[in-house]
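Structure, as structure tokens:
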């Protein structure tokens, strides 16, 4: 099983090999997820960047970025130069020593939203964990904050939360009145964690479902199975577009990113750094957002006239939402993941 | 009861015949078994040993019992084991309650109509587990068929909590397991010598008495076999509890999947697998013992 899990993405990647004609500078291989990210990446990110620099781009796709890098580095046969990772994977890969430190003398870090770049991975788009509610159930006053999410007297109804502690601990503490600025200080203490778990314990009689995938919570909201849930902004936007009685708020949304990294021992490491620097600009990220419901992590992307105000409404990194947006502390999760998830599962099965 | 003595007497006799074959002076039958045994070793025993091997190292690759200690220290593991065994037991009970009368009925039919019914039972087996789980969701969820009917008929004012709990999980699992339970039971019931039933009737036993005292005991080995099969398969169920349990029913298989996908901790997952395997073997041993005892009692009755 171990091997299938690691080899399948690699095989899938090989199957999807696509090569653009090489001209001058050399070639870099980009390993990205498929679907909308691939379409947007080709049109807005590596496509234009490769043309501008005269670098040919070889494309491979996988939905398991980090396992693919582990496999390549472990086998001593690294073919990918640039890889798309979740920020959590970027941090983990850096600690495992399978990623090159990024060269921030080439890549301009200053234009990014704070907290969306790290030593090993530079943000490319962001998505948020937000709360969504059924607009028929709550036709009068709409919930606005995580405190409303946990307030079953003011907003009675069926709730759903994630069957995985990640982002739910943050939501619970915000729901218990912890200010965003102190969130990770409170989470650093055992009392803080217990406080978060107790908040969810108190809500448990109203939690009808513990969701485990984005498809699931999107469907629950569209079907009216659940009155209020935590989940990912793109799924709720989709449910709303499909005609579901759904609304959501970016207020106190918890932002995570996908990011670009360079595997340790990448064959064209220096070109990869140049490519990442070239792709990391406001226009590219703005164009990219047209393909996905993910938001640019370079704030300037919203002010160059590429994203109109209507389209900007559904993007979590819209500067208009920035006061309420919380950037997830990925390092904290990496340090505490196992312990917190075990505590969460104990609470869930009580 | 002299007639049943003959039948009970023939069972061990047949068994003895096999035994002499295996333990006889010639080893030749063994040679024929070798390719089969090799496949069993490669496909069953070796992976199990590999699992055991994987589970005995910690994250840093040192030999350690940490994966097993975690199973004891973290309460959720114990709860998940209890939940899985309870849900499996409930599925077995539902299968027995529904399956035994149905099997009795089918076994009493002529060949042609029995074949028709068995075909009807087997038919759902060809449908994907996933589709069947989602179909139940469509029926059971808050705006599902059942709740909508009951609400519009004025039977209830509030939707009933039918989905995402133990009830829906057991229902979905019973739906999938019933055919698997029925097949060995129908087989066992068809093999029952009809003259025994007639003999009981001729000696004045009522129909219920004959069913209870003659028919059911003779069908018992088949029922135990079917129940054991259902139980063991239920322990490893993933899709049905994951969809119909909605996170409120945590099965062992779901925890194993999570250990692999979110923690990529093969040691932890392997340890759960080993414990599950051992507890399943223990249960099988108990079931075998019960069967032996049942057969022994049936045989001892006429001595």
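Cβ atoms here come from the backbone N, Cα and C positions, even for glycine.
What TrEMBL says about this one:
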type     : residues  : note
TRANSMEM : B:30-53   : transmembrane segment
TRANSMEM : B:80-107  : transmembrane segment
DOMAIN   : B:81-287  : domain 'ABC transmembrane type-1'
TRANSMEM : B:114-140 : transmembrane segment
TRANSMEM : B:160-186 : transmembrane segment
TRANSMEM : B:214-239 : transmembrane segment
TRANSMEM : B:268-290 : transmembrane segment
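Ranked by the number of CB pairs under 8 Å to the transmembrane segment (B:268-290), the listed stretches B:30-53, B:80-107, B:214-239 are led by B:214-239.
Within the chain, the transmembrane segment (B:80-107) has long-range Cβ neighbours (under 8 A, six or more residues past its boundaries) at 114, 117-118, 166, 169-171, 173-174, 177-178, 181-182, 185-186, 189-190, 192, 211, 215-216, 219, 223, 226-227, 230-231, 234-235, 237, 241, 249-253, 255, 275-276, 279. Residues 4, 7, 84-85, 87-89, 91-92, 95-96, 99-100, 103-104, 129-130, 133, 173, 177, 180-189, 192, 196-197, 200, 205, 251-254, 257, 276, 280, 283-284, 287, 290-291, 294-295, 298 of the same chain sit 6 or more residues outside the transmembrane segment (B:214-239) yet have a Cβ under 8 Å from a Cβ within it.
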